[in-house]
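Report on one structure; see the data block that follows.
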Amino acid sequence: MSPLETNPLSPETAMREPAETSTTEEQASTPHAADEKKILSDLSAPSSTTATPADKEHRPKSSSSNNAVSVNEVDALIAHLPEDERQVLKTQLEEIKVNISFFGLWRYATKMDILIMVISTICAIAAGAALPLFTAPSTFQRIMLYQISYDEFYDELTKNVLYFVYLGIGEFVTVYVSTVGFIYTGEHATQKIREYYLESILRQNIGYFDKLGAGEVTTRITADTNLIQDGISEKVGLTLTALATFVTAFIIAYVKYWKLALICSSTIVALVLTMGGGSQFIIKYSKKSLDSYGAGGTVAEEVISSIRNATAFGTQDKLAKQYEVHLDEAEKWGTKNQIVMGFMIGAMFGLMYSNYGLGFWMGSRFLVDGAVDVGDILTVLMAILIGSFSLGNVSPNAQAFTNAVAAAAKIFGTIDRQSPLDPYSNEGKTLDHFEGHIELRNVKHIYPSRPEVTVMEDVSLSMPAGKTTALVGPSGSGKSTVVGLVERFYMPVRGTVLLDGHDIKDLNLRWLRQQISLVSQEPVLFGTTIYKNIRHGLIGTKYENESEDKVRELIENAAKMANAHDFITALPEGYETNVGQRGFLLSGGQKQRIAIARAVVSDPKILLLDEATSALDTKSEGVVQAALERAAEGRTTIVIAHRLSTIKTAHNIVVLVNGKIAEQGTHDELVDRGGAYRKLVEAQRINEQKEADALEDADAEDLTNADIAKIKTASSASSDLDGKPTTIDRTGTHKSVSSAILSKRPPETTPKYSLWTLLKFVASFNRPEIPYMLIGLVFSVLAGGGQPTQAVLYAKAISTLSLPESQYSKLRHDADFWSLMFFVVGIIQFITQSTNGAAFAVCSERLIRRARSTAFRTILRQDIAFFDKEENSTGALTSFLSTETKHLSGVSGVTLGTILMTSTTLGAAIIIALAIGWKLALVCISVVPVLLACGFYRFYMLAQFQSRSKLAYEGSANFACEATSSIRTVASLTRERDVWEIYHAQLDAQGRTSLISVLRSSLLYASSQALVFFCVALGFWYGGTLLGHHEYDIFRFFVCFSEILFGAQSAGTVFSFAPDMGKAKNAAAEFRRLFDRKPQIDNWSEEGEKLETVEGEIEFRNVHFRYPTRPEQPVLRGLDLTVKPGQYVALVGPSGCGKSTTIALLERFYDAIAGSILVDGKDISKLNINSYRSFLSLVSQEPTLYQGTIKENILLGIVEDDVPEEFLIKACKDANIYDFIMSLPEGFNTVVGSKGGMLSGGQKQRVAIARALLRDPKILLLDEATSALDSESEKVVQAALDAAARGRTTIAVAHRLSTIQKADVIYVFDQGKIVESGTHSELVQKKGRYYELVNLQSLGKGH
């Protein structure tokens, strides 16, 4: 049964009142874990969105990118509303807080899973218990003392050897079963969590998404579920095995001889105390280090998210210095942390060697007193050695468990949330027959994500069945809100929405949405074929289960109706063409027509068209418009339109202004009334006669997709679910200028680097630390000698204890000496381990700091096109700075030191063994490669498991993210079940393939564990034979045996660094790639002519431009424009027509594709970039302030640090903010908070203007500098801008025309060209495009 048919709310959660919601992380169990969680969540949080060129032109209605707001904040924001309205908003936002125990992670385990886990647990414990049973060497002593004959000895020996072989076989079986079992149940449980999570996400109301941000869902479904899987898979088995080893070893020791075991346990207490004390410091220091990195990360995030600002002002160096302050701080704490770690490891080795000394010394006393025999002493010592080693294997896994619990708390919180608008619910009635009459009664609406804005106030509106109602009005007047309320995406805070007189609240939500088809302004297609995309329109309708032929007929008819059939059949694969993720392989007009076909295919009763033709050019719009009019016949249709010509035939036209109805009637009635609507019509009518189709426009459809595929570099290659890349090759009839040039550009390639290149590259970061490196490496060699020395001492001690009773006085003397030697080795180990730890600590922390600071500076060096790419989003780059640099230290000194240490151990062990007894040494050496291979395979497999499961889930995660990021489309198509079933099928397929690889790789892992026993058996058998023939004494036997086996095992641990080294290699390649990338427009470049002065004459000559990330969309099409020195020039036009692009090209954020831009007659691409930009100042729509004081923020306007006070004051006075600053208690030293959050919009904007004026620019660029302000602040800021423009060449982009009436020249843009120019009064008299814009705006003001 799929989770869809069950309710994930268990009775006890359903009974509970939804808890007050907050997003604190109480679940993270230790302060350290909590801290890491915080950093992780900070990294994964979707970064604050800055306007990329793409969304500058289309800003979504609600872009609150902050993650789930806590309840107290929500309460504060809605406090001004009446109680019932508050309740409506709260239910749409409410979150549940869940507390989870570790066992709660198996919430969805089936009976089968539990059975497998029980078996795996038993096996894991058995596998752990086998290791200490290793300890049975008493036979040797009896033969040394000639107590038994050779034959008797040989029988005993064979028994012992067989005992090891059986243990090995047992180990193989138990390890195999427990590894496979835990990995399988871990994957299975996580798969269920993923399915329930997606199901729950698809259930949630749209308001919840507005607040959540798609990034959050992506993080949960990818990173967080991986953390859970990590915490409940093989690590559970490894931990149980280690604990079992520890317990068994100590039981054996105490059973054999409790007094000696008790004395040896005392050092374990010392060890625990040392570790505990040390870890307190480690937690403290790493918290401080993480805090500093966090603060640095915030700076990096602020700077990268406002990169245009930093680039325009040339303040990269200043900002990089601010970042480096935090890095230095982090380095200081990080170094302390690593040094403490080094001392802890040193203390651990020191105590362990002292423990051997103590054990032998006490053992010799007990032996002489006759209290115990030699065999028991050896057993106790071996057992304690093995037991204390295994305890070290538990701690690394503990972190994985706490992370898993913390990650699950958030995910289960969403799963348990009951959506107020649940599309899965069967509640509510369905109507057998309805006409389609829609009515809004006294509706008041507020978006949950923006509770401070009332979008609609007391609107009553009747939309008769079978008739077309059109909504017009300025943006933000509430047109799209009507659509959102009819679709029930939101609940109105007051009033009702009725369908045929039934309150839609009482109707079943899924049924309601199935009766309605929606075509929105920016149509969303899914990453599948055109056929399947149109077929999505049939989900839940009476045609859903028709025969395939009938469905195909319906789909083709719908495509013909939407004027899409012809272009679809012209594609090589026709209807089976894959459209790519979100349909990016098609042009805007093609996507729009497929969306229309999808909407009409099910013959819906109600059709909602939200600016359905806005993405089309004039030619295709006419055809589609005719199609829509045909489609609207006989249905209730609601049309939102900007172009009034498209709604002339509507039965009723409703003019909305500021959330209220201004006037309504038919086209003729409204024109006769002579109100606002008539002015609009006149303005538009005049224009439509004047408009001539632009060259690029007429053939926008024919811009070949082959060209697009060429420009789109590998970065956006979309692939189908089975992994085949999808592109459309189609030859076009005619290319525009810019696409012709773009198609000649070579595609970007990704360089590959050899391991040696990367090692040299990483080493270059550590060049100044070479003395520390040398100290570290020398002490690593010394530390590596500890193990071989210990083996000699061990063998000496054993042969001493084997002396017969007659030599007890010699025994006591020798035992004292060798015990003392153990103690000395312990002290030496403490010194060498601590010293190399400290030396490498300095190296690796400095490496991380240098890498971060260099990377940050290199990122700031890049051109703006680099930041427009999706893979270089603010979040991605900040996380690259924090995680990849950490990985880089995987090939720094510490790892090299460890490798050197273990190589020394192995080398010394082999030499000593060969010197003392070459026969046995050679036999033992023959198994070393096998042991090493086992060690290597073990870690290779673990690394494979992890990377495999990450990769496997990327495909399905992408699918889930595509669905959640276009949740409105999924909801309006009622595709929730369909999406869930595809996701479920993908996870199932992954589960099957991963099971096969788990079965294979666990086989290797289990073999590697069992081989250790077989190798021991071989050495034991051959050594025993030599002993029996009295060729070797017990000393030679034990030296060779323990040197090589222990040496090889410790050498095997080198491979535990393999995953780190793998990550480090990838990280180094990423860094190298970044450092090798030379931006086209290079901020560091000294080339080009440096300017002494600038007059300020500007000219654009036939400039063509497309954004590198959207090469299919021409933005400027042959722009010609001149500005005289000192002129105030305004650029106006509808959104997306290229105004802001003109400013970006002037700042040289991008280079034009064709044509040239001249300042004072010089081509700006030939000038020195920094010299040129120093004469410009930019004030943009969203003022950018950084953490710090007002003064620091203003000083960012210039490169120099020391500015005379009077310049600063003059800039502030000109910006109309000086008085305000002086009124603050701290004056210029007032802290502005993150992103300037402590100041209002108007205050921030004026600080930004002061910063721009401090440069004393010759050219001032204003990009909608007042559009984000309310009318009060707008006046003040506008006055400041007018003052600032005196005596300078000023170019202003404006949405509010009232702000530019005084301009010397106004250029009117449309579709990337200038259609009119002149002064305000000239243009108004022309009654052209400008006149229409003026009327549109006065409509908004007049009511």
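The backbone N, Cα and C atoms fix where each Cβ goes, glycine too.
Remember, it's a predicted structure, so these values are computed and weren't measured experimentally.
Residues 887-907 are the range that Swiss-Prot records as transmembrane segment, among 887-907, 1097-1117, 1160-1180, 1181-1201. Sequence-distant neighbours of the transmembrane segment (773-793) (same chain, 6+ residues past either end, Cβ-Cβ under 8 Å): 349, 353, 356, 766, 818, 821-822, 825, 828-829, 832-833, 835-836, 839-840, 843, 893, 896-898, 900-905, 908-909, 912, 1038-1039, 1042-1043, 1046-1047, 1050. Sequence-distant contacts of Asn1083 (N-linked glycosylation site), defined as residues of its own chain at least six apart whose C-beta falls under 8 angstroms from its C-beta, comprise Thr311, Gly314, Gln316, Leu860, Arg861, Ile1169, Asn1170. Recorded residues Gly473 (ATP binding site) and Asn872 (N-linked glycosylation site) have their alpha carbons 37 Å apart, per Cα-Cα distance.
Long-range contacts of the transmembrane segment (1010-1030) within the same chain, counting only residues at least 6 positions beyond its ends with a Cβ under 8 Å from a Cβ of the stretch, are 130, 134, 139-140, 143-144, 150, 153-154, 157-158, 160-161, 164-165, 167-169, 171-172, 175, 917, 919-920, 923-924, 927, 930-931, 934, 1037, 1040-1041, 1044-1045, 1048-1049. Ranked by Cβ neighbours within 10 A across all protein chains shown, the binding-site residues Lys479, Lys1139 are led by Lys1139.
Rounded to a whole value, the Cα-Cα separation of Asn872 (N-linked glycosylation site) and Lys1139 (ATP binding site) is 25 Å.
Calculated from their C-alpha atoms, the gap between Gly1133 (ATP binding site) and Asn545 (N-linked glycosylation site) amounts to 48 Å. When secondary structure is read from DSSP and collapsed to three states, Asn872 (N-linked glycosylation site) falls in the helix class. Long-range neighbours of the transmembrane segment (114-134) within the same chain, counting only residues 6 or more positions beyond its ends whose Cβ lies under 8 Å from a Cβ of the stretch, are 106, 164, 167, 170-171, 173-175, 177-178, 180-182, 184-185, 236-238, 240-249, 252, 382-383, 386-387, 390, 1009, 1013, 1016. Using a Cβ-Cβ cut-off under 8 Å and counting only residues 6 or more beyond its ends in the same chain, the transmembrane segment (339-359) has close neighbours at 260, 263-264, 266-267, 270-271, 274-275, 278-279, 281-282, 285, 377, 380-381, 384-385, 388, 783, 786, 790, 793-794, 797, 818-823, 825-827, 829-838, 840-841.
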